[in-house]
Amino acid sequence: MKSLVLLLLVAVTVSSVVSKPLPEDSEAEVHKEFETWKVKYGKSYPSTEEEAKRKEMWLATRKKVMEHNTRAGNGLESYTMAVNHLADLTTEEVPKGLLPMPRPEEEEVDKEFEMWKTHNGKTYNSTEEEAKRKEIWLATRARVMEHNKRAENGSESFTMGINYFSDMTFEEIPKARLMVVFPTRDGGEEAEVDKEFETWKVQHGKNYGSTEEEAKRKGIWLATRTRVMEHNKRAETGSESFTMGMNHLSDKTTAEVTGRRLQDGEEAEVHKEFETWKVKYGKTYPSTVEEAKRKEIWLATRKMVMEHNKRAENGLESFTMGVNHFADLTAEEVPRGLFPME
């Protein structure tokens, strides 16, 4: 089948799909839109067969425009498109020189999508379904890339990746465990985690000035590791569309990572919140070093809860979270069975 042409006000994009009216529009509305377009551009055809053929090309162009503009609305494109007088023409019929050259970055992304499909065994029932899934995949990819850019710049303490669920909406991802049980570690497990920490230190050239400093940093590292593991467990069971990983910032606090200290007022408020929480749950610690370590874990828990609740406000989570008496414990320290399961 001949390629179909989308010619915009300032550019042309080629489509190889003959489209039906989009589901949200009635056939009568789309037909009226086509008739209005014909009048606007003085279009007439020698036969009903020719008009039917041209309308199919116009529909494909219209669909492409709407999909592009949806991406633009989501920040995935830097411009919007519109249908003009060449929207019912094939590539061969468009005047020479009006078709744009393919952008290398688009070809690379298309290749990446094809490789991802192959890797995850993805097939779709129609070109329309594939186009829809690709749009979701592109949105996930953009979100992951933006996060990883922040990680490169030191604004995040972990990296993300694409997985099998990256072409699904949040509602479509199988609802699995919202929280994960990590059993209490025995001696062997603890030794494995200690070995993992030592390997991470060597990999990232980490040295600490004292055993107290190392204990503090290990506490932060464990909190980051726990958050990453819980997220990736949800990704495995389908509750997240990407995976995370550790990096050289995993032993740092949020303030250290971002390079931004809390303002005096903010710091005082957070400190007051921590002190209030300690009183509420009867928390005391044997040393200032231990308290500093527990406060870092509490801060990481608080941050995770706040981020989750922000997503809940935006409709991306179906429940809200709160900080409780386990908020200064790592997942390994929380008694077995106390993490909620769906």
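Every residue, even glycine, has its Cβ placed from backbone N, Cα and C.
Swiss-Prot marks one residue of Thr36, Thr90, Thr184, Thr276 with the annotation O-linked glycosylation site, and that residue is Thr184. Feature annotation from Swiss-Prot across Asn125, Asn153 places N-linked glycosylation site at Asn153. Its own atom aside, the Cβ of Asn153 (N-linked glycosylation site) has 11 Cβ atoms within 10 angstroms in the protein chains shown.
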